[in-house]
């Protein structure tokens, strides 16, 4: 299992500009042991080969991905409510991994797996085309300063890759409290053939009742921040990319 990110796998050149800054600190012995034990049970190692979800989850249920799950609130809530769906969470921060693993263990959820690695590389190298029913990216770092925009995780390249990973009719859900970021995402999506914006007004949708309002989101709402919810449907024919 990986405790620290490794950027060169099998001599492959990994991307240089990343959407995160490592804040992982030294762990206590107990936390290191917990992480080791439960990543073995609930984690998937990074590799440059596609994951067989039917084998990993021992069923053929739909797979839902959350990129950057934070404390794991949303991921766990969805997994508990949807036992006939499988959930994959990708995260790079150890505190987030620890929090989510505790939830998975507490509720004994067989339908959740986590990957401790860079989401862009996981999606590119580990997830086969036409294998995801839904993708969530909730409150990604907006990197508000112009000189940092290149660090944003949501790029045209990522959205094009996600489109190939989604099944026909699959959904991409994004939420942010940064209007500039939201508009940027809309502009990017407009230039990608294969997505339909499900907003009646061509921009944002109302938050679905089944999407848990996380602690992070609640704090923003208390401060008066507006939340921008985006939802897109894949109409891309993946048959040529299987």
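Cβ atoms are placed via backbone N, Cα and C, with glycine included.
Annotated substrate binding in Swiss-Prot involves 145, 214, 215, 216, 217 plus, out of the candidates 45, 177, the residue 177. Between the C-alpha atoms of residue 177 (substrate binding site) and residue 118 (S-adenosyl-L-methionine binding site), the distance comes to 23 Å.
Burial estimate for the binding-site residues (145, 215): highest at 215, by number of other CB atoms within 10 Å. Between residue 141 (active site) and residue 215 (substrate binding site), the C-alpha separation comes to 16 Å. Between the alpha carbons (Cα) of residue 66 (S-adenosyl-L-methionine binding site) and residue 215 (substrate binding site) lies a span of roughly 17 Å. Residue density at residue 214 (substrate binding site): 19 other Cβ atoms are found within 10 A of its Cβ, drawing on all protein chains shown. With the fewest other C-beta atoms within 10 Å around its C-beta, 217 stands out among the binding-site residues 91, 217.
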